[in-house]
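Q: Please see the structure below; I have some questions.
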Amino acid sequence: MRLRIPPWAYPNSPIIQWMWVNGSGAASTEHAGGTAGTGRVSGTDHQDVRGREREAARPIRPPPARDLPLRARRPQPPACAINPRPRRPLVNPKPPGYPTGPLHPTPSPHPRDVFHGLLVETTPLSSPQLLITSFKSASLHTSGDRPAPAKPACGAVAAVGSQVGMMVATVRAAAGVLLVLSALLALVHAEDPYLFFEWKVTYGTKSLLGVPQKVILINGEFPGPRINCSSNNNIVVNVFNQLDQPLLFHWSVIRASSLSSNGMQHRKNSWMDGLMGTNCPILPNTNFTYKWQPKDQIGTFFYFPSVGMQRAAGGYGAITVVSRLLIPVPFDQPPPESDNAVLVGDWFTKDHEVMARLLDSGRSIGRPEGVLINGKAGQDAAAAPMFTFEAGKSYRFRVCNTGIKASLNFRIQGHDMKLVEMDGSHTVQDMYDSLDVHVGHCFSVLVDADQPPGDYYLVASTRFIHDARSTSAIIRYAGSSTPPSPNVTEPPAGWAWSINQWRSFRWNLTASAARPNPQGSYHYGQINITRTIKLMVSRGHIEGKLRYGFNGVSHKDPDTPLKLAEYFNVTDGVFSYNQMGDVPPAVNGPLQVVPNVITAEFRTFIEIVFENPEKSMDSFNLDGYAFFAWSPELRKTYNLLDAVSRHTIQVYPRSWSAIMLTFDNAGMWNIRSNIWERHYLGEQLYMSIVSPARSLRDEYNMPDNALRCGKVVGLPLPPSYAPAR
């Protein structure tokens with residue numbers, strides 16, 4: 001029988017406890033592209049990197065192995081219970097209407113998927129914990145006296161207990177061998193640490209721009225709590241929706257009320273994406289637990305509520321993912337207390353429900369009334385120092401544009417910024433005096449405290465809109481009382497400056513990201529493109545009301561989430577695949593308002609060209625993937641070497657941008673505008689990526705706690721995906 005042995009099964013083993021502390025990757029064998037790597041570096045760099053990463057990871061180090069709450073809370077089986085949980089049949093055909101075509105041969109299983117957890121072949125026992133406890137009990141009796149009666153055991157344990165006096169040495173040897181074997185297996189793959197959060201989502205009244213308004217709070221805070229974790233940590237967030245509306249969270253990364261993460265790739269797990277096309281919302285006065293993993297990801301992201309126009313009411317917060325121990329970082333990582341999240345974004349004083357009604361009636365939400373920095377603006381932001389510098393030290397600022405409409409320019413008075421990371425990728429480390437950050441984008445900069453002691457402004461200003469808005473926060477050098485200079489540099493003017501800056505960003509080819517192999521080992525420019533999809537922004541009126549879409553199709557969310565309808569094979573009456581073509585229609589006709597779902601073949605390399613004919617900036621996000629972005633005039637000018645892999649791309653007015661990506665993440669994934677009124681009015685679609693193998697290697701089954709709504713309520717579970725092989 002196969003037994004899964006968690007680290008806490010050996011609470012007194014120093015080897016296993018060391019394995020747990022470093023289990024997120026320090027001792028595991030990593031694989032990329034079929035090649036194994038040790039995750040180690042040599043010489044003095046090894047010590048320096050390990051020291052920096054230990055400091056970076058200290059705030060999120062998991063609890064001791066014996067206190068693991070997720071395992072400990074699960075009820076243990078009876079002493080002789082050996083039957084595993086029954087499995088569902090291993091057949092799951094494609095849903096009706098899913099296009100058929102040539103399939104790729106089933107690839108070799110990934111080593112990490114084959115060896116998931118600690119597996120030991122042994123005789124049927126109730127649990128590894130029972131096995132070790134029985135061995136320990138036997139080893140306590142060394143005098144040959146018959147031990148005191150104990151509870152009945154089963155299997156091999158009963159045999160051991162019946163001849164303790166004669167078999168003490170054998171038992172000890174067997175226990176030692178098992179512990180050594182388990183320790184060796186642990187070095188190959190330890191379970192990644194768990195981080196637990198409990199959020200109570202409520203409304204609160206705040207006067208952020210001098211006008212009292214309703215704001216979404218998490219545990220009474222705005223912005224919400226920062227999720228600080230390491231690559232591959234398991235993040236468990238129990239969300240209690242105390243609003244009067246359904247809720248979802250999207251994890252921008254990493255997308256319940258409904259929370260979504262911007263940027264989280266959710267490998268094999270679109271179930272946790274937190275959008276109306278993948279999840280039933282969390283109803284008022286109920287709760288839902290998200291479990292997701294920043295699998296092989298590092299960097300800066302954020303989460304936000306994704307239902308309706310709730311994103312305009314707050315409820316967002318930062319997600320920061322640091323590298324695992326022993327994975328080198330291409331810069332001197334500041335200590336955790338010098339690692340700062342800066343959430344900047346435009347802000348409206350209209351209530352989010354009022355904004356939704358305006359859009360439903362065919363009107364616009366207008367321009368933002370101000371800009372927030374970490375939930376503050378105006379005198380509130382500048383009344384007290386938001387950040388403190390100590391002369392001679394370096395600081396990391398993780399900046400995300402959490403707004404819904406306006407691009408922003410970010411700068412720090414008198415200080416240059418070294419760009420080191422963007423949307424989860426390490427970049428070439430160039431210096432900038434200011435940086436444009438578009439809606440949904442995130443980046444990290446290093447700033448040296450090398451100026452005369454005093455106060456300095458940290459500034460965020462709107463770009464490309466009339467009636468520009470700006471907010472300043474204070475950075476104070478420790479011990480200084482010198483006020484900031486009133487002379488603050490104005491943001492750059494015009495589109496050309498922004499485009500040229502964007503083209504200056506380059507991928508750091510020699511740096512490791514979440515894995516030890518260099519980012520540049522992925523030669524995307526040498527992969528043949530199998531399909532090109534041109535997505536042109538469509539704009540029109542339906543019954544006098546403004547709608548947006550792609551290629552003549554404006555998306556609307558059905559009552560049954562698209563992913564659930566596909567999984568339960570009940571797509572009829574919910575949506576039809578491929579209502580939209582790969583190229584815009586030759587003649588602009590009326591918009592078609594339907595659920596917009598297109599299919600893509602698993603593990604194909606696709607080019608997507610976004611065309612923005614509008615007079616204003618647009619910004620696009622593709623959930624579940626990172627891609628390589630350019631904005632050239634001709635394909636021959638593509639950067640096929642070191643374009644930055646990222647999850648969000650801006651498209652300038654009357655311009656276009658092209659991206660390339662491999663569709664290797666099975667699930668239902670959202671492509672959308674980050675300009676949230678456009679998103680609300682239909683400028684989005686979903687990509688259905690189905691693995692031909694229908695295997696757990698490629699996608700997880702629906703979680704046991706998944707919420708149901710629409711047509712899937714009361715339906716029996718579909719057959720399970722096949723086991724990973």
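Cβ atoms here come from the backbone N, Cα and C positions, even for glycine.
When I checked TrEMBL for this same protein, it listed these features:
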REGION    26-108  region 'Disordered'
COMPBIAS  43-58  compositional bias 'Basic and acidic residues'
COMPBIAS  92-108  compositional bias 'Pro residues'
DOMAIN    201-323  domain 'Plastocyanin-like'
DOMAIN    340-479  domain 'Plastocyanin-like'
DOMAIN    559-692  domain 'Plastocyanin-like'
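Describe the structural context of each listed feature in the structure shown, including burial, neighbouring residues and relevant distances.
A: When DSSP labels each residue, the domain 'Plastocyanin-like' (201-323) comes out as 7 helix, 58 strand, 58 coil, counted as helix, strand and coil in that order.
For the domain 'Plastocyanin-like' (340-479), the DSSP-based tally of helix, strand and coil residues reads 14 helix, 69 strand, 57 coil.
The predicted model assigns the domain 'Plastocyanin-like' (559-692) a mean pLDDT of 87.
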Q: For the domain 'Plastocyanin-like' (559-692), what does DSSP give as the number of helix, strand and coil residues?
A: 14 helix, 53 strand, 67 coil
